[in-house]
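Feature annotation from TrEMBL assigns thiamine diphosphate binding site to HIS71, GLY112, HIS113, SER114, GLY144, ALA145, ASN175, TYR286, GLU369. The Mg(2+) binding site annotation in TrEMBL covers ASP143, ASN175. Taken from TrEMBL, the feature domain 'Transketolase-like pyrimidine-binding' covers 318-482.
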Amino acid sequence: MLEQINHPNDIKKIERKDYRLLAKEIRKFLLMNVSRTGGHLASNLGAVELTMALHTVLDFPKDQLVFDVGHQSYVHKILTGRKDGFASLRQFHGMSGFPKPTESDCDAFHSGHSSTSIGVALGLAQARDLKGTDETIVAVLGDGALSGGMAYEALNNMARLREEKRKLIVILNDNKMSISENVGGMSGYLNKVRSKKEYVDFKGNVEKSLMQIPVVGEPIAKGLKRSKDSIKQLFVPGMMFEDMGITYIGPIDGHNTPLLIDTFERAKQLDEPIIIHVVTKKGKGYRYAEKEPARFHGVGPFSVRTGKNLPAQSSGGPSYTDIFADTVTELAKKDETITAVTAAMPEGTGLERFKEQFPERFFDVGIAEQHAIAFCAGMAAKGLKPAAAVYSTFLQRAYDQILHDAAIGRLTMLIGVDRSGLVGADGETHQGIFDVSYLSSIPNVTVMAPVNGRELKEMVTYALTKGEGPMAVKYARGTASTLFEDELTPILRGKGSILRQGSEIALLPLGNLMEEGAAVCENLVKEGFKPTLVNPRFVKPLDEELICSLMKNHRLIVTMEEGVLNGGFGQQVTQILANHDYKGRVRNIGIDDRFVEHGSVKQLRKMLGIDSDSMTEKIKAWIGDKG
Ligand SMILES: Cc1ncc(C[n+]2csc(CCOP(=O)(O)OP(=O)(O)O)c2C)c(N)n1
Ligand SMILES: CC(=O)[C@@H](O)[C@H](O)COP(=O)(O)O
Ligand SMILES: [Mg+2]
């Protein structure tokens, strides 16, 4: 069956009687491929029938499907002629794990961050209607994505389509899961709605539905005939959406392909904004993923037979994430004012261990990074010491909350900027390469960049015992470096440290680029140089005294960062040197003004010229003659 699917719309050739078989084959294909490459499995297993039904009803590339986050778009990719791409899924120069218009004209919009789909789809629909075309536009968002504020901003704005008699379809794929168990009032509301009997109805059939309810149905229907809304209020789920002016249909079984097709076909005919609530099972069809949907949300290569992850390539030491979460949890034992906050990523940030120890001081606010920071500001204003862990890329959303809610009031909180630097396989939407730029611009904010696990521990301890104001500590995805751990000196605000004293050339590798920077130092020693190696430790405030001390005996000062150069660490160091009339050469190595695609961190560093060999060659050219 799946062999017949090689181009967009090929699924229309499949007969209804064969949907189950096709779904089975798609699940097998997902398992065979993702178990080898790693990727987002559970969400895609849960979206098989939903995506098949959408592809049966829509015409690609004319009609447009906007995925929220986009991690659940693998089936869409299979059905639009990209089966072969799965051999290189999320690999360098291979197929992306998210929708990408540059990869296929069947991908309506790129995505990777949550809760954006309705807003984007509304924009596409607005353009369609102003241009007078007639394509069908559909947003697919999960129940987790519906905990993100942007979804409500868009729903609020979408409501006007009813009186304008304009089409937009939103599919709410409700599997009760974000990455972990979904949280919050909306999740509770959906639980209540899900508990109602399956309800597929369109305007005007409410009484008919009521009459079917034995005994109480008829009198209620008669008694309430006067006000349809009252009837709906009592029996029709999704009243919240209806009250907003959005037609709600559901909840319906998200694994019943014929029912989904019929529902979508009818929805396509309506000239109004519609939300169709489908109920699915995350990880459906693979028992290990059904049992542990959080573990199989984003998974490395694993054995299909046992469900066990294949041996990881990492050195096996603790990750920076482990060290951050363990340190916060340890400190919380002695300080009851410490709280922990995550935005729907308790496992990814490691804070699930804080929750186990201090459930009353742990808060998962849903996919709501802006709220997470404002929430921390409120707690800090009352003397608590919140520690929020947010991935660098997702923290971009909370720039104003850090500035407006936390920094102006110099409120004391720790922000663990996890996944800082290149993350690799998740690509452009997830690389944590902007945090130095966006955080450094905010007054009263402290920005720290540890070079190894022990320094991260010391910086977290400094922040939660001595620090003041909003303090960000940035750390990479993966195993913590142990380089220079035995040369650690106490953390003093705004003070860096000199790891190797030399002359001529000064190297300033920031944070997790120290491993590459130290290798450059060794390469240069082999070339007859004796470079000075500096651990900057603080991006904000910079150690101006240390930087100026390099001016005397060094004719080349090189900064290195795994972040964009614009507004980065290097530019700030250069500014200080310029202010003090440094006469030598300053060079900043980092990421030019660009986004960075998916691949391994090693491959991406090489491509960007921030690996040790590339940096060594650059420095040898800049210094010219030997030492
Ligand atoms: C702004 C933002 N925060 C966090 C994430 C990380 N993230 C990716 S998928 C996901 C859960 C999404 O849950 P849901 O929308 O229900 O989709 P499901 O995986 O259940 O199909 C989260 C938190 C993200 N992509 N974007
Ligand atoms: C799709 C998404 O945004 C998350 O699943 C993200 O991919 C998790 O990244 P880590 O694997 O680094 O936790
Ligand atoms: Mg979900």
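Just so you know, the numbers here start at 1 and follow the chain as drawn.
Heads up, the Cβ atoms here are built off N, Cα and C, so glycines get one too.
With ASP143 (Mg(2+) binding site) as the anchor, the candidate binding-site residues are HIS113, ASN175, GLU369, and the one with the nearest CA is ASN175. With a cut-off of under 6 Å between the Cβ and any atom of ligand 3, the binding-site residues HIS71, ASP143, GLY144, ASN175 reduce to ASP143, GLY144, ASN175. With a CB cut-off of under 6 A applied against ligand 2, none of the binding-site residues GLY144, ASN175, GLU369 are retained. If you compare every pair of Cα atoms in HIS71, GLY112, HIS113, SER114, GLY144, ALA145, ASN175, TYR286, GLU369, the residues listed for thiamine diphosphate, the longest distance is 32 angstrom. There are 29 other CB atoms within 10 A of the CB of GLU369 (thiamine diphosphate binding site), with all protein chains counted. Neighbour counts of Cβ atoms within 10 Å were taken for the binding-site residues HIS71, HIS113; the minimum is at HIS113. The least crowded of the binding-site residues GLY144, ASN175, judged by other CB atoms within 10 A of its own CB, is ASN175. Counting every protein chain shown, 24 other Cβ atoms lie within 10 Å of the Cβ of ASP143 (Mg(2+) binding site).
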